[in-house]
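Pulled from Swiss-Prot:
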type: COMPBIAS; residues: 1-42; note: compositional bias 'Acidic residues'
type: REGION; residues: 1-51; note: region 'Disordered'
type: ZN_FING; residues: 139-189; note: zinc finger
type: BINDING; residues: Cys139, Cys142, Cys161, Cys164; note: Zn(2+) 1 binding site
type: ZN_FING; residues: 208-273; note: zinc finger
type: BINDING; residues: Cys257, Cys260, His268, Cys273; note: Zn(2+) 4 binding site
type: ZN_FING; residues: 300-333; note: zinc finger
type: ACT_SITE; residues: Cys313; note: active site
type: BINDING; residues: Cys330, Cys333, His340, Cys350; note: Zn(2+) 6 binding site
Amino acid sequence: MTDDEMYEDYDVDDDSAEESGNESLDDTEYDDAATQEFDFDENQPQRSLGKLTRQKSFEVLNKDDLFSESHKIIKEVKDVLSIPSEAAVSTLLRHMKWNKEKLIERYMENPEKLCIDAGVPNVMKLNATIVEKSGNVSCLICLEDYPPTQTFALICNHRYCLPCYKNYLEIKVSEGPECIYTPCPAPKCKVIVHQDAFKQIVSPEVFERFNNFILKSYVDDNPQVKWCPAPGCIYSIRCDRKERKEAVNCKCGFQYCFNCNDYEIGDHMPCPCSQVDKWLQKASDESENVTWMLANTKKCPECRSPIEKNGGCMHMTCRKNAGGCGFEFCWLCRGPWTEHGSTTGGYYNCNKYDKSKAKEDDDKAHDAKTELEAYMFYYHRYESHRNAMKIADEQRRNAHLKEQQILSKFDVRSADTKFLMEATEQLLKNRRVLQYSYVYGYYLDKKSQERNLFEYLQEDLEKHTNLLSTQYEQSLDKLEDYQAFIKWKEQVTNYTRITKKFLDNFVDGVAGGLVNTQIN
């Protein structure tokens, strides 16, 4: 495994931290410090991260790696249980969700039951023996007669011609991953068509697809290995920790949370997974519609239909053409409009209001409206950075086009355009963190002292990220000559470095001072 296929976490070396004295955090290189457990004391200055030690924590796997691993497990089980056929062991492992230890245990307890349940009634012999006869064999599908050598049967002895068997297996493979559990074509037969039978009967292309589905089952059934969720990515990642907090980096370039394993979510630092789940549920939950209704409508006192006020007058009518009952009432106290006049303060006022139960209802509505406004504040900013992140991702993918324009206009070296990719990658990282920082901020205790630090660091990161975005998006048409290009390049390069420091400061602030903050 190459260094590129390994991602590394970092732990703080306390001794080196003491030696570093007041060394600035800005000059410290680190990846995922945001989720390290730090003790926060508001009366003490935050310590430097000091020297960072590396720990290998996850591994990127390609198809060859998966094949080697799965084949190694098959061979180990084969040797332990003295089963002669790897195809039989493969079928047993798939039945046991690739749990080697559990398979061996169950096989030792009751091998006959396990094998029957797995569709391998005889691990010593998988296929029926061809008996040479003077006559032909009748295929049970097409009912045509064939020489025995042109037919095939599993140990269950349900014999079919090779063309029919081939067609049956290819259809199963075309239907998807469940083909690895394909049973014998005979009705109600539970014997599984093993790997060697597929290899013998179908084309090499179809057999390769079948093997790919076996590798897929190896990943899908393994809690420590997951496919990278990026569209079109062929890699998987193994993580040896059950609840990994840091993001993982796939060789395809996508960075994401291993636990969530969701392309749309990606890397949700600084939020914990549970917080993201809660936020996404809130965003899609119908209860939010109920909150809006409570905050912005009142129910007709007669038929209880929700009514939204669209004018200044307190005289409300529950419109029949909108499904109402026609009842006329006061918006403030919800009493009949016939009881309102000069004695109650006039038609545009109501001095009954404070004495009515409507006051209690309106207090609840006011609280709901306040909560809704707070949610919308954070949600709009979450969405804004989410959209900006998509733009940054597109800019990163199109950086080579801007590079070609620069090379052709200013006759510079290819190395002089490296800053473009660095800037877009930094923008992408910043936007992703800013997106989820508003989720984190929404659930942060409104009265906590740490909130001020959080919002201060968030504001700094947001401001300088926007400045870098503005610098990067400058039109090349405005760069009149080589000197103008060099000046622009220096500005973008410097701001890329600056925004990285602000991102690092934000990450360190969350890790060092906010991880123990009470979350509502």
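Glycine is no exception: its Cβ is also placed from the backbone N, Cα and C atoms.
Ranked by how many other Cβ atoms sit within 10 Å of their Cβ, the binding-site residues Cys142, Cys161, Cys330 place Cys142 at the bottom. Nearest Cα neighbour of Cys257 (Zn(2+) 4 binding site) among the listed binding-site residues (Cys161, Cys164, Cys330, Cys333, His340): Cys164. Non-local neighbourhood of Cys260 (Zn(2+) 4 binding site): His268, Cys273, Val276, each in the same chain, at least six residues away, with C-beta under 8 Å from its C-beta. The Cβ of Cys273 has fewer other Cβ atoms within 10 Å than any other of the binding-site residues Cys139, Cys273.
Cys273 (Zn(2+) 4 binding site) falls within a helical segment according to DSSP. In terms of DSSP secondary structure, the zinc finger (139-189) contains 21 helix, 8 strand, 22 coil.
Listed in sequence order, Cys139, Ile141, Cys142, Pro185 are the same-chain residues at least 6 apart in sequence whose CB falls under 8 Å from the CB of Cys164 (Zn(2+) 1 binding site). Confidence over the zinc finger (208-273), given as mean pLDDT on the 0 to 100 scale, stands at 89. Following the DSSP three-state reduction, the secondary structure of His340 (Zn(2+) 6 binding site) is coil.
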